[in-house]
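Chemist: Pasting a structure here, questions to come.
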């Protein structure tokens, strides 16, 4: 039995150590040998990193002797060991020995300096920090073998100034305060030079900078740069800056410990001033918040204090509160006049006569230290009702102030008064004058309808509702009082009036009355102060009552009531009859003829010529008293004269005058009066001896003492709206113009 195979000692190679940075090369590291070596019969080889693997060419072997050489300098920081394999073959390439390991260890040398992780280290610590307060740590590295002294680092402070305020832990690199007395206001930044050395402080070294900033605390109160400040501001100015006060604070600019806060302690009881902090400069800005009046107070003396927004640290030295005195002078300027009472409200009776003083509206000038004169004028007087004394400010009425008016607003009249001083430049003020026009009871109530119809039997429709109106405004109007005229007490036997509401009353018959018109004098009175009353005539038509209490003969009753409405209606009817008679008489009068060519040319100029509606004749009857000047039978029986073969011969016309060559064409539907008038007109046109149609003629005396009313009474009794002029269109072309105007 064969035991385990014994490995030969010569073929087992222990680790080989070689120092890095070995400069003698090639350098013999080891010689390997096989026990089966035959002279010239063994071939040696090695493989691995540094031989046939990267990095190439560092190691080599003599294939016949087995010597291993180092061919290049080694760097432990790049590769601290190499593991190779060694082989032994015969000349035929047959393996003589199993491959064996060859380990080459690179021995470290102190060839690397320590390196700080950064060139500049930054730390912060508050000023006044206690000794032993740490604020930062510096650290370095060494590429050498950490298990040797080559990488054993020690820290130190090479330079920090003469004070020696900081220390460093030699092993950890932590920097702390070494003594008290750090003051940012004295030195705000410390620059330290720190060192790291290997070999426990005895080897290679390196340095870095450590910058330590002192953080500010509020250990310095603000102080005024001087004790007194002087400023000036115009009166009446508000919301403007007056000036600045200046302070100094040693603390860090822009920090809460530096920012100042100002307070006005004395001298401003009315709160006219305020002071704020300029955040950029820390100055105190004094401003005016209420208008100042030079005449009331021309100067102020303010006591101002200052302190920080952030309270002082307890470690700060005690100091008194900073105070300063600010003198403010108020500069006088021209001020506008002032109406102390604005608006001014007054009351004036309606109908106040012109020239009546109603008020004195003046302004005052705030500039009591300046001699100035105020003048006044009306800036707004829409109805031109007022006149104003420019010096005294007295306002008088220029014309009567009456209701109603488009310039009144709810019974008030608004005017604007302008007051102006004589300064340079002048200033003015506007005052509002509100005038209440008080109502005066100057109108009596009027019946709304001065006529009516009712049944003549009591209790069966024998009532009539009466209404009244008053041009006065309350309280001078309703309620109205209706009563039968006290001057005719006998009316109370047949009639009665009872109140219906504040504006109406009910007229009733007390006994059965016969049909026909009745005129009742009524007395109407308002409720004004003093009351106004007026007696008015009420025309009542009593009709025949039917079973239901209404008028049975409505047509007759209406006609009767219409006849008894007013005297004006009767005058209109009578006047219309007279007008028709006069127009017919004018057409029947024999007048002088005119040349036809002249009149035809003038009449054809325009249909709007008003003059062709009036004809001038030579003679006329003597009115109602002259019944012999003209044969009225021509008007009463025109059919007897319309068939004449030729026109009548005028007494004042020459025998040679003839009929016009082209007589006027009659209308399609002429009336009797129209025929006669046109015949007379044709005779006048044929007379060449008469003057022109627009010449004024003198007519005969018509007499006097006519029983009829004048024609002007027609207009005074009723308006054109009550008259029907449509019948004028039936009178032919001579009256067509009147029909267009009044129809």
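In case you wondered, yes, glycine gets a Cβ from its N, Cα and C as well.
I grabbed these lines from TrEMBL:
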DOMAIN    10-116  domain 'Cadherin'
DOMAIN    117-224  domain 'Cadherin'
DOMAIN    234-339  domain 'Cadherin'
DOMAIN    340-447  domain 'Cadherin'
DOMAIN    462-556  domain 'Cadherin'
TRANSMEM  567-589  transmembrane segment
REGION    646-674  region 'Disordered'
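Mind running through what each feature is packed against?
Modeler: Helix, strand and coil counts under DSSP for the domain 'Cadherin' (10-116) come to 2 helix, 49 strand, 56 coil.
Assigned with DSSP, the residues of the domain 'Cadherin' (234-339) fall into helix, strand and coil as follows: 0 helix, 47 strand, 59 coil.
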Chemist: What average pLDDT does the predicted model assign to the domain 'Cadherin' (10-116)?
Modeler: 86
